[in-house]
Each structure stands twice: as structure tokens, then as C-alpha cells.
Amino acid sequence: MKNDITFYTRFQQDILAGTKTITIRDESEAHFMPGQRLRTGRYEDNGYFCTLEVLRVTPVTLAQLNEEHARQENMTLAELKKVIADIYPGINELYVIAFKKVEG
């Protein structure tokens, strides 16, 4: 079965532990809706590891990222900005997808 959303393996444990409660994505993944349940897998091998429920999707610019976003990502603000720049180079318009783990 196909996953609805994937995360790099390095984020799996934080998601399962509930310490990572948001993901920041570009416009191509901004279509998720609150209440939607997402089959969630690892980016590297597409292996399923849990089901997430979308709580909200909020637009944000790179400049608007703050300590609260970093806390919800379970990293420092400097780490968060570096990860975003590495994954989405040159992209300024992003979306915060807040979620909770419901299975897995």
C-alpha cells in the first residue's frame, strides 16, 4: 500500500515518540486537510511506520520560522533553518503541517 507522506528515517523516532509534531513542506504537499489520516513511511525505503492525523496546515515564510516551530520539530532554530535550506533550497513560501500520531 502506498504511503501518503514520507519522512527521512532520521525523523522516525521523534515522530513515534511524539516529540516531532509538525513538518514543514513546500507547496506540492500543502494539500492535506485537517482531520485527514496519512499513512506515513520512510523516504529512503517507503516502509510504513505509523498513521498521522493532520491537525492544521498553515502557510509560513522562511523568515517567519521561530523557536516554537523548532521546538515542534524537536531541533534548534538554527538546525531547522539548515534542514529546510538543504531540502528546499531557494524556496521561501512553505507550509507547516501540524499532526498527531494515531497508530503505530
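Backbone N, Cα and C define each Cβ position, glycine as well.
Quick caveat, the model's predicted, so the values are computed rather than measured.
Quick look at what Swiss-Prot lists:
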- Lys20: active site, proton acceptor (ACT_SITE)
- Thr23: active site, nucleophile (ACT_SITE)
- Glu73: active site, proton donor (ACT_SITE)
- 6-102: domain 'ASCH' (DOMAIN)
- For the residue listed as 'active site, proton donor', name the DSSP secondary structure in the helix/strand/coil scheme. helix
- Item | Per-state residue totals over the domain 'ASCH' (6-102) - DSSP helix, strand, coil | 33 helix, 36 strand, 28 coil
- CB neighbours of Glu73 (active site, proton donor) within 10 A? 23
